[in-house]
Every structure is written in structure tokens, then in C-alpha cells.
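Peer 1: Attaching a single structure in C-alpha cells format; questions to follow.
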Amino acid sequence: MDMSQYLDLFIDESKEHLQAINERLLELEKTPEDMSVVNDIFRSAHTLKGMSATMGFEDLANLTHQMENVLDGIRNRRLSVTPELLDVIFEAVDHLEAMISSIAAGGDGTRDVRRTVEQLKRIEQGEMPNKQAAREEPPLEHAYGEFEYYVLEQAKEQGFSVYEIRVRLRDDCLLKAARVYMVFEQLNEVGEIVKAMPPVEMLEEEQFDREFLVTVVSKAPADELQKRLMGISEIDDVKVSMLSSNEPSAESEKASAPQQPAAMEQAEAVQAEAEAPEKQTAKQATKTIRVNIERLDMLMNLFEELVVDRGRLEQISRELNHAELTETVERMSRISSDLQTIILNMRMVPVETVFNRFPRMVRQLARELGKKVRLDVIGAETELDRTVIDEIGDPLVHLLRNALDHGIEAPDVRAARGKPEEGTIQLRAYHSGNHVFIEIEDDGAGISREKVLKKAISRGIVSPEEAEHLTDEQVYELIFAPGFSTADHISDISGRGVGLDVVKSTIESLGGTVAVDSRPGQGSLFSIQLPLTLSIISVLLVQIAAETYAIPLSSIMETALIRKEDVFYVHNQPVIDFRGKVVPLVRLKDVFAVPGASDDSETVPAVIVRKGEKLAALAVDSFIGQQEVVLKSLGNYLSSVFAISGATILGDGRVALIIDCNALVK
Amino acid sequence: MSMSVQTDWKVIAFRLQEEEYALPVQYVRSIEKIQPITRVPGTAPYVKGVINLRGVVTPIIDLRERFGFAPEPYWEQTRMIIAAFGDIEVGLIVDAANDVLDIPAASIDPPEAIGAIGAAYICGVAKVEKRLLILLDLASVLSE
């Protein structure tokens, strides 16, 4: 049966199951006695195993199978939940995720998971994992492919013997590669080496512990091989075993193993699902369909055309003043604005899709850092445009790592400061107006003003004189400066060569802002403000001579009417006094060389825009009004035009350019 | 637009400055009547601006000005040939677009044959019956 048509479905569903397993495992860690959680994990793992086996992904099925056995042990109270046990299961989930990603990327989903499978097996047999066991090498084992097996069979038919030789070097062996060479030489004298484990290249590079395995075809008796090899110095032990002829190849064994149980377990899975009907129905309450975002974009484009035509129809019906026509057009307008809302909503995705990978990450990091941290996630259902969602993950990861690494103190430090040993990081998302806020708040050490200033001065970001006059807020802003890091030494966690400046620039590229607040000793708050969607923005339309331009509301502070006599000149640059601040006046008709523009009016309408702390007044001819517009690119031919960030289509079908205020504020 | 391919060309023929030009059909998306153009400041003079082409903002190049001919006011025969080249889509303003025809490969001469002015934008000249067609090299028209 051709399974490729189910592949997308398989990948999507597998991801969902893995996510569910991840979440439930974290829950399990908090409530180890809750068997309903174990049951949920078991069911997800079980379904995943069935699906993988059906799709022919054997490594996946094997690993899930072993994981399931352990879960079964927990379910039957044969095994108890410990952080070490969960570490192994999490590792297995990591492997599964990597396999699914590999399959999604067009790979075959194979992966060396023997170590994890081995650990799971040991746990299943009641042996609790410890750090020692985790590091121990898995027993070496040869797996022969179909072709190799055929060759070996041929050799046997011709009267050769096939030996598997396990060579163990002495602990104090200095030149391991040299010993391997000598072993190979000895064996080549009496036979032929067919296969080595680890592969020869790894042996040559000494990438093995103490033991290696070779398969040799030879006419010599086993004890002769043994004697030859034992003659080499620094060799601890040699075990020669004959590969018997009717032994099935390891790989074909692997291949057949999961198939059969999988078929049986499909039936079992149905049973398992039937056992918990209430949970299943709850999950199926909202039915969804996956749609390619390009199709949504196409729908959006078509809809915009409709809106433009609607505008024309409205105008015509006003002119004709025909009652029935007016009524019909009004109805159409209402329906189409409802339609617009629906289309926009279709692009919205809950931030949950980004947030849900964080609990796992925080757990792991906390364990690595030896800190106790609780992550509270609030408002995961808050929705954001798909395009924003895709970009926001990395900055959030960075801020969370930062909070864990630099914010939350070690348990003993916290205790000494009279805080609970367990630190708390709160990840919040909420709507406010046309924006979504995402906040990361920790109850850690906060940001040290002195430390930040010291660093900023040493990096030449501010001068010592300037530093004295900075407000706390301005000081905290400094940590977003390029090349800044408050860590005394670069750690593996957040000091990966990139600072918070990357976070800031990513968020700003999304049309958002990031702010930081901190109380020394009590914690820090990073607040990210994001637009609801990237495709629709609020603008102020302005007129310059006969041309219409759009200025994004997000950069506008306010509008003002400036009298001519209030314009001053500093070095030939017109400036105005805006609330006691000297602000440069930028004449857009000059910047954009607008034809037919004259400036003889007594008052100049101006838009005060800001870029960070800096302001500029953009002089225009008149304000048209505020409008929500659909953002469009100028296309690949006009890739970079000064002070123009894009275009939009107005109600009359014409194109208006959107002004990039950041380019105009210097 | 390699000249070495010995197959016949299907082209859109258009008029510019009393001459006939041709552009292979595979580069042509559509032919549009002239419509309001929004000027884009800070671009080359021959870039007339952008139009709303069924919801897509499309840049417009005046071919006359691109070739250094004197600009002429647009009239009722003026057309925009919407052409796509790689990931670039532009509209080319021409005096008139009137024909689709096949040019046998054998009748195409390289641009050097006529020593034409502005040969940089031309990839050949074709003689079809009594008409002389200048084959436009879109890549060089769109390059800086």
C-alpha cells in the first residue's frame, strides 16, 4: 500500500501526540501519583507506535514500544516516577521529535536510539537509572544488511567460517588506533574482515571506548585467531564466536518485530480509547482543518479586490440614488465586512503553539543549572497572526533563558535572601487594543544598575558623565545595546554570542517593541508589545500636493499645526519647539520631491513621529484621516526605496505608499 | 534568451517610437490599458511608479525613457505589457501592443548585424515578411 498520501497527516498527528506527551510528562513530574496522566501519556505513545509501525518507520515504532513498556510499568505501579526516569523518557521523546522532523524533511526517520532503548529496557526490568548507567556504552552488536548477510552466506557455502570477534583493549592502552591496526593486520593474514563495529573510520580516529567488534571470514580455526590476537600487547580480552548459519540477520529481526505486535495493538488501542470516552470527546469538540497559508493569502488578495469594487459600487449607488440599489449595496457592504473579519481571524493562531515548548525547556535548563524554577503560563489562548507567531519563538526562548540564567538565583542564594527556594517565571500573553502583549516576569535578582553601567562604560556604549544622569529605565534599556552582556562570563545558556540586541531587532522587525523593568532583588519584567497582525496596520493618510501617503500610527505621537513663525533654523535645518524639545522639521514634499508642491500657507500641518527617544515633525499639506490598510510589498524590482516601507491599496483602487518613519528620524 | 536555440519564437509585437519590438510570450502575463500610476519617489526616471494590478502592487517602467527616447504623452493606444522575469514582475509602457506572431528561428539575426543604437537591450532582429522586429532582451531592460 502506498503510504505517502498519509505522510502529512502522520507527521501532523505525531507532532500533536509528542506535544501531548511532553505536556503530560511535565504534569506527571508534579503529580507522580496521578494515574490518569500516565494513562494519557500511554495512550498517546501507543497511538504513535501504531501509526509509526503502519507507516513503516521502524526505529520510531521500536522506541515508542520500549517507552510504552516503561509507562505500563508506571501504570501498574511496578515502577515509580523519579526525575531520573523522566530524564530518560524525555530523551526518548527528543529522539522521537528528531525522527519526526527528519521524516517531515523528507528523510527516512532512522536514528541511532539503541542507548535510549537500552536504558528504557533496564528501567523496565526494575533497574533505576543513574548517571553512571546513563553514560555506559551499549553492548556492541553487529547488524547485517541483506547484502552483507548474503555475502556471509556465500562464504560459508564455500567452506569459510564466519567469526565475530570481540576485542577488548586494556584500560591503560595508549595508542588505541595502533592496536586496532595490529588486530586488523593479524586478521587479514588469515582471513578477510567483512565488517567492523564501530566502523573502521571511527576506530582509526580512536572514537571508541575499549571494545570493538569485527566480523571475519576465514578458513582458520577459532582458537588460532584467538591466539594470534592475544599475542598483541595491551589487549585485555578476545572473544571469538562463530556466526551460525541459520541465525537471522539482526536487521531483519528488527524489521519484523514491530510489525506483528503493531497489528494486534491497533485493536488494543481502540480498546484503550474506549476506556476513556470523556477525554476523547472533549478533545474533538473543536474540529479543525489545516490550510496552507498561501491559500489564505490568495483569498485575502481576492477579497481586497472585492473591497475596492465595493467602494466603487457604494459611490455609484450614492450618485444614482436608487432605493433598491442602495439597499442591495448596503447589504453587500455589511456581508463583506463580516467576511473580512472572518478571513482575518482565520490567520490567527493561539500563542499556545509557541508557548507549549517552553515548560519542557525550562525544566531541562533548570536541571542543568541546578536551579529550582516554576514556569507559570497565562493566556496561552491569546491569538496572534500566523506570520508573527512564526517569528516570535526565538526571541522568547532567549528571554526565558536569560531569566533562568541571570534572573533566578541558585536555591541556596534565594534561601539566604529570604525567598522561597523555588523561583517563579511567569509567561503572560494578553490582548490590549490593537496589540498583543507578551510578558516574561521573574522573581529573581533583578538587574543591577551599577553592573549594567560598568559594562556599558567599559564597552564604550555610554560615557561615565552620561551614565550619571541616566534614569533607571534608560540604564535597563542599555542591555539591548549591540554587544552587551551582563553575564560575568559567557555561559552556555544565554551567552551564545548573541545578546538581547537580537531580541530587540527581531521584535522591531515585527513592528513591535520590547521594554524592560526591574526591581533589584525582586525580579525583572520584559514586556513585548506586538501588532495583532502584520498584514493590516492602522495608518494616518496624508496629502502632499496631489499625492497620498500613509504614515503608520505606531510611530505617530501626535499631529500638530505649526505656524510659520514658529519654525526656526539651526544650521539651515528647520526645527520646531515641541513641548520644550527641539525637533527637526522634515518637509516630505522635499524629501519625496513631490511635483507641483508649493508652501505658501501660514500654518503647516505636521505629524510628530518617533523612533525610540528621537522625534521628528513631518510636514504635510493636509491630513486625510485614519484608516486600516492592508500592507503590500513594492515587489522585488523596487526592493529598497528610501523612506518607503511598502504600499497599500486605497478604497478607490489607487496605490498609496507607506512612509518608513525610522528612515526619516535621525 | 539564448539565440542558439533553433526553435521558432512566439512573440508579442509592440510599437515604440515608430519601430516594432517583440517580446517572447512566455514572459508576458497580460496586456493592460493605461491606469493611474502612483509615483514612487527616489527611483530612476524611467520607473513611472506602481499600479494596483488586481490586488498586486506592480512597478511600471516607461520603455521609451528606459531606452532614452523622448517621452510622449500617453494616448488611447498606450499599453502596459505586464512581464514576469524570474521573481520580478513589472509593467512595460509601450506606444501600442497589437500582435501575436511566430518568428522562425532562421529569420533572426544577432543585434550586431544592424549596429542598432541601444543594442544593449536587444537580443536580435527578425525579419518577418516585410516587417522588421526588434527582439527585446528583458533581462537587460530590468537590470540596473
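Every residue gets a Cβ built from N, Cα and C, even glycine.
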Peer 1: What range among A:243-284, A:411-452 does TrEMBL record as region 'Disordered'?
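Peer 2: Range annotated as region 'Disordered' by TrEMBL: A:243-284.
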Peer 1: Run through the domain 'CheW-like' (A:536-666) and tell me, per DSSP, how many residues are helix, strand and coil.
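Peer 2: Split by secondary structure, the domain 'CheW-like' (A:536-666) comes out as 14 helix, 77 strand, 40 coil.
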Peer 1: Validating a neighbour-count step here. Other CB atoms within 10 A of the CB of A:H46 (phosphohistidine): how many?
Peer 2: 23
Peer 1: Would you mind splitting the domain 'HPt' (A:1-103) into helix, strand and coil residue counts from DSSP?
Peer 2: 87 helix, 0 strand, 16 coil
Peer 1: Taking only the residues in the domain 'Histidine kinase' (A:284-534), give me the average pLDDT of this model.
Peer 2: 82
